[in-house]
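Record features, source TrEMBL:
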- 1-51: region 'Disordered' (REGION)
- 41-51: compositional bias 'Basic and acidic residues' (COMPBIAS)
- 74-94: transmembrane segment (TRANSMEM)
- 100-119: transmembrane segment (TRANSMEM)
- 148-187: region 'Disordered' (REGION)
- 157-187: compositional bias 'Basic and acidic residues' (COMPBIAS)
Amino acid sequence: MNERSQSEIKGQTKKSAASLKPKTKAASSVHVKSTKKTPKQNRENRKAERQRQAELERLYYNPPTREYKRLRRIWIALISVGLIATAVGGLLTAKFDNAQLSWAFIIPAYACIIAAVWLDLGKIRKLRRAYQADMVRKHGKKPDAAIAAAQAAEAQAKQDRKPLFARRRATEADKPDAAADAKASEK
């Protein structure tokens with residue numbers, strides 16, 4: 001028998017391990033990731049989606065045709081003339097209090113703005129929709145491939161373009177090879 005439990009020693013005996021309280025809570029070492037995304041992840045996802053949407057719009061929204069560009073220039077001119085004429089008409093009314101001269105600017109200004117809206121909603125929209133339908137027909141539901149192809153074409157066009165105020169950049173074809181360099185250094 002155990003001496004500790006038989007003698008009349010004052011004090012306490014050692015408690016069993018089963019009666020001890022656990023120091024840690026159950027499953028406290030298990031880390032469960034939250035299914036909710038953090039605000040930073042949400043911002044990054046939204047930014048990536050906006051960039052992707054911008055690429056799609058750039059591909060499908062602005063047809064690279066001569067007719068579209070011509071109509072777009074006309075639209076910009078009409079809007080600009082309309083806004084400038086409206087501002088001039090307002091200034092004439094404020095400075096000189098000449099209503100007839102003011103109306104001579106405001107009426108054509110509104111006509112220009114209305115013509116620009118008609119041009120945008122009528123002709124330009126039809127061209128855009130036809131181009132979008134054509135692109136969807138060509139690329140199907142694979143806009144990522146279309147984006148990659150457009151980016152490659154854009155990069156090639158940018159590379160082919162000469163810089164305005166810089167010397168011509170040397171390409172790999174222009175550089176002599178390593179063997180020619182070695183011969184030149186030996187001489």
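Note that Cβ sites are derived from N, Cα and C of the backbone, with glycine treated the same way.
Remember, TrEMBL labels are computer predictions, not curated facts.
Same-chain neighbours of the transmembrane segment (100-119): 71, 74-75, 78-79, 81-86, 88-90, 92-93, counting only residues six or more beyond its ends whose CB sits under 8 Å from a CB of the stretch. Helix first, then strand, then coil: DSSP counts for the compositional bias 'Basic and acidic residues' (41-51) stand at 11 helix, 0 strand, 0 coil.
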